Amino acid sequence: MLSRVLKQQVPTSAGAIVMATGILLLGAMQKVVFQHKELAIISTTLVLLLLFIVYIAFVRDMILGVMWERHFCDPISSFGVGTWIAATSVSILVIMNFALFLRPIALILFLLNCILTISYIAIIVRNYILLFKSNGSRLRKKVHGILLLASVAIQSIIAAGQSVFGKPFVAVFGTWLWWTGCLLYGLGFVLILNRYIRSEDRNLAQNWKNTNCIIHGAMSISGLVGATMDVVSPAILVMVWIWVMIAFCIVEGIEIARSMQRIKRYGWKEGMWIYDTSQWARNFTFGMLLAFSMHLPKQGILTHFVNTKSFVLSIGPYIVVILFVVEVLIALTGRTTASKIPESVNM
């Protein structure tokens, strides 16, 4: 898997690998990692190594003069730059949770992340201008869950800032950044919904994208940040959680139907055992749902939702770990998709 990152053209959304690994450690395996100091150091080293490899790959593209063409030019795939920000934020959280002696590195990463975020905001603004132009209908037919990485990136900055600077950061930036992330989610979600409602192509095997799982994942991270930073009321968080659960059931239900179509059409190996970087988004979103549920306040939750939350917490860690192991196996043994950018993924 690592050799693929170093030798091949790296997709813009490659940061999703770091995101998935980090949220696995911070969520499903947090207690285990906390209890073993050596494991905490090894886990932190692994996350930082993955982040370093991703950075090196993009620096290579910059040196080769293909950075703009490969990662910034396309108004859809360039939303994937949000994974660079979220991956860096997750790495900061891993450091601050498991290897506090590396705090100086976390500070450097946070400063780098701020620079990335400013650049990313400029990219987002340009992309939405192009999407809403009168001749942008062709682009609007191609949108998918990758748009919601803008929301994920903004929310991750709040979490990273709080872990490094504490409550003062949240007091100054927390609330308005949180609502900005939600606004970006709403904007992206409307465009995605419009695309699929208007689409005449009902072939899920080709038309439904891996990144659509971010429809629930982006609001999971919004809910997690809201719950842990106290930037919104418990009542709002409960509504966010209910929306996440509804979106999760719908999106993953579609994903199951899509998988059945692919198996029927291509067989198990060609239909399911195909590797693409965007698949890590599902690991991240499942892990984020678990983490959000772990921190969801008890106030205002109706009894049947309490039971749903308990169910998620009871089976969630096992599902997240199993999905991660399966994805690693696919990455090591599966055939790589020929597509170069996430929106053309068929898996």
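Glycine is no exception: its Cβ is also placed from the backbone N, Cα and C atoms.
Feature list (source: TrEMBL):
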TRANSMEM  12-33  transmembrane segment
TRANSMEM  39-58  transmembrane segment
TRANSMEM  79-99  transmembrane segment
TRANSMEM  105-125  transmembrane segment
TRANSMEM  146-164  transmembrane segment
TRANSMEM  176-193  transmembrane segment
TRANSMEM  213-229  transmembrane segment
TRANSMEM  235-258  transmembrane segment
TRANSMEM  279-296  transmembrane segment
TRANSMEM  311-332  transmembrane segment
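Under 8 Å from some Cβ of the transmembrane segment (311-332) lie the Cβ atoms of residues 1, 4, 20-21, 24, 27-29, 273-275, 279-280, 282-283, 286-287, 289-290, 293-294, all in the same chain and six or more residues away from its ends.
Contact counts against the transmembrane segment (79-99), taken as Cβ pairs under 8 Å, peak for 39-58 among the stretches 39-58, 176-193, 213-229. For the transmembrane segment (213-229), same-chain residues at least 6 beyond its ends with a Cβ under 8 Å from one of its own Cβ atoms are 145-146, 148-149, 151-152, 155-156, 158-159, 162, 170, 174, 178, 181-182, 185, 188-189, 192, 236-237, 240-241, 243-244, 247-248, 251-252, 255, 281-282, 284-286, 288-289, 291-292, 295-297. Non-local neighbours of the transmembrane segment (105-125) in the same chain are 48, 72, 78-79, 81-82, 84-85, 88-89, 91-92, 95-96, 150, 153-154, 157, 160-161, 163-164, 184; each lies 6+ residues outside the stretch with a CB under 8 Å from one of its CB atoms.
Cβ atoms under 8 Å from those of the transmembrane segment (39-58) belong to residues 2, 5-6, 10, 14-15, 17-18, 21-22, 25, 32-33, 67, 71, 84, 87-88, 90-91, 94-95, 98-99, 102, 105 of the same chain, restricted to positions at least 6 beyond its ends. Cβ atoms under 8 Å from those of the transmembrane segment (279-296) belong to residues 13, 16-17, 19-20, 23-24, 26-28, 145, 210-211, 213-214, 216-217, 220-221, 223-224, 227-228, 237-238, 241, 244, 248, 309, 312-313, 316-317, 319-320, 323-324, 327, 330, 345, 347 of the same chain, restricted to positions at least 6 beyond its ends. With a threshold of 8 Å between CB atoms, the same-chain residues lying at least 6 positions outside the transmembrane segment (146-164) that come near it are 13, 76-77, 79-83, 85-86, 88-90, 92-93, 96-97, 103, 106-107, 109-110, 113-114, 117, 120, 124, 170, 173-174, 177-178, 180-182, 184-185, 187-189, 191-192, 209, 211, 214-215, 217-219, 221-222, 224-225, 228-229, 231, 278, 342-343.
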